[in-house]
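Pulled from Swiss-Prot:
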BINDING   Thr12, Arg16, Thr268, Gly312, Gly413, Asn417  ADP binding site
BINDING   Thr12, Thr13, Ser14, Thr268, Gly312, Gln316, Gly413  ATP binding site
BINDING   Thr12, Arg82, Glu83, Tyr134, Asp246  sn-glycerol 3-phosphate binding site
BINDING   Arg82, Glu83, Tyr134, Asp246, Gln247  glycerol binding site
Amino acid sequence: MNQYVIAIDQGTTSSRAIVFDHAGNIVSTGQMEHEQIFPQAGWVEHNPAEIWNNTREVIGSALSKANLTRHDIAAVGITNQRETAVVWDKNTGEAVYNAIVWQDTRTQSIVDELAQDGGPERFKQKVGLPLATYFSGTKIKWILDNVDGARERAEAGDLLFGNTDAWVLWNLTGGVDGGVHVTDVTNASRTLFMDLETLQWDQEILDIFGVPASMMPAIKSSSEVYGHVHTSQLLRETPVAGILGDQQAATFGQAAFQPGEAKNTYGTGCFLIFNTGEEIVHSKNGLLTTLGYKLGDAKPHYALEGSIAVTGSLIQWLRDNLGMISSAPEVEELAAGVRDNGGVYIVPAFSGLFAPYWRADARGAIVGLTRFANKGHIARAALEATAFQTREVLDAVNADSGVPLTELKVDGGMVANEALMQFQADILGVPVVRPKVVETTALGAAYAAGLAVGFWKDLGELSANWNEDKRWEPQLPAEEQERQLRLWKKAVTKSMDWVDEDVK
């Protein structure tokens with residue numbers, strides 16, 4: 001009966017449920033967008049109740065489209081936007097504040113305060129991450145410090161924290177009626193609180209942040225049965241057996257299981273993950289050290305990650321804020337109407353610059369404008385910004401690993417854009433490879449869940465599912481590639497040193 005696995009993909013802009021068959025093919029999908037809440041400049045929030053309601057809806061939608069019931073589903077996997085922090089009351093099931101999203105920069109003052117003693121890399125050796133607004137830890141502290149009564153309730157043991165994986169899991173397994181409060185190692189590695197070696201919360205760091213340990217979910221592997229769906233839900237009694245943060249899930253879905261393998265996901269942001277195997281590699285080039293995956297009792301696999309805050313969301317900004325396009329695919333048509341970028345470069349530092357710079361004082365800049373520049377040049381510069389940022393991250397990966405990547409596996413929504421993929425190959429100087437199933441994030445979560453219940457027997461079986469769809473070879477002459485890179489790097493410097501006491 002159990003011929004399928006369902007993955008819940010709780011992303012930055014939408015929540016989806018995708019049903020996969022044994023060959024890793026998509027059977028059906030349910031998807032709902034949720035509201036992006038911007039209370040003030042630099043603040044980004046989601047409504048946790050809306051996310052949970054949408055999750056329930058999309059599960060129903062995916063099942064009904066394929067005419068399936070819970071009896072057809074072997075296991076549930078969860079993947080999620082990482083670092084987005086939810087704090088809720090375990091007695092009522094209600095969030096005490098909106099989810100603070102990974103792009104949110106309101107916690108910069110907390111980062112600055114904590115960095116006074118030991119600098120931004122104060123905890124990096126232990127947790128693999130620099131102090132930055134990006135990670136969950138500063139967001140939890142902000143909620144405890146700023147929401148009336150939150151600290152007292154947390155210290156009394158009434159509040160729970162989770163990234164959205166833990167929020168969805170807790171609700172799926174019963175919520176106030178016995179909900180399981182668990183996260184996996186990949187999500188835990190994005191909080192600033194997990195020791196990379198012990199895979200446990202670090203009490204000393206929790207104390208420094210003023211976060212009670214009672215709030216934190218238990219840390220489990222990425223592939224094991226955490227609990228079963230509550231009897232009040234459509235999927236009742238189905239095991240929930242896989243959790244991976246979205247970028248780690250995409251790496252797993254790309255079958256990048258071996259050291260030296262890597263993928264780049266093109267979504268709201270861009271995230272390049274390079275598998276370092278069982279070795280913890282500390283970056284000297286602005287990358288994060290993170291968990292790749294941990295399967296049950298097996299040893300964990302670690303990874304280096306280059307996180308880019310703004311790529312796909314730059315196209316959304318052209319659509320929603322500027323009204324330059326009415327749908328995201330239009331950007332490719334506009335860009336195709338011009339021969340090159342017309343000397344225009346966009347540095348989309350809306351949340352500062354992430355890897356490899358980690359500059360919170362940067363803000364977005366469009367440089368090289370002349371009267372010659374038109375909408376097509378702006379559209380092309382927006383697409384090229386994604387490729388340039390990826391090149392800088394790949395350079396950092398090559399420097400840290402000492403082993404230059406020979407090709408880049410890609411996935412995510414933007415890989416449908418063929419002009420971007422060709423330019424990406426041109427600016428990297430290595431082939432870019434797209435798999436047949438580009439929903440690798442959901443697929444990775446499905447794989448983790450399916451492995452735990454024996455739906456798939458081993459990693460070899462998963463690797464056999466991976467198939468190439470298309471490959472782009474670099475075509476740009478080396479000297480032109482270098483000229484464009486120099487201009488890009490010059491543009492990046494123009495975005496820095498913007499935020500100071502005059503900038504509200």
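Cβ atoms here come from the backbone N, Cα and C positions, even for glycine.
It should be emphasised that the depicted structure is a prediction, and the values quoted were computed from it without experimental measurement.
Distance noted between the C-alpha atoms of Arg82 (sn-glycerol 3-phosphate binding site) and Gln316 (ATP binding site) is 20 Å.
Cβ environment of Tyr134 (sn-glycerol 3-phosphate binding site): Glu83, Trp102, Ser307, Ala309, Ser351, Phe354 lie under 8 Å away, each six or more residues apart in the same chain. Cβ neighbours of Thr268 (ADP binding site) (same chain, under 8 Å, six or more residues apart in sequence): Gly11, Thr12, Thr13, Gln103, Val310, Thr311, Gly312, Ser313, Gln316. Gln316 (ATP binding site) falls within a helical segment according to DSSP.
Figure note: comparing Cβ neighbours within 10 Å for the binding-site residues Arg16, Arg82, the maximum is reached by Arg82.
Here the binding-site residues are Thr12, Gln316, and the one ringed by the most other CB atoms within 10 angstroms is Thr12. In the three-state DSSP assignment, the secondary structure recorded for Asp246 (sn-glycerol 3-phosphate binding site) is helix. Secondary structure at Thr12 (ADP binding site), taken from DSSP and collapsed to helix, strand or coil, is coil.
Ranking the binding-site residues Ser14, Asn417 by other CB atoms within 10 A of the CB puts Ser14 at the bottom. Of all the binding-site residues listed here (Thr13, Gln247), it is Thr13 whose C-beta has the fewest other C-beta atoms within 10 angstroms.
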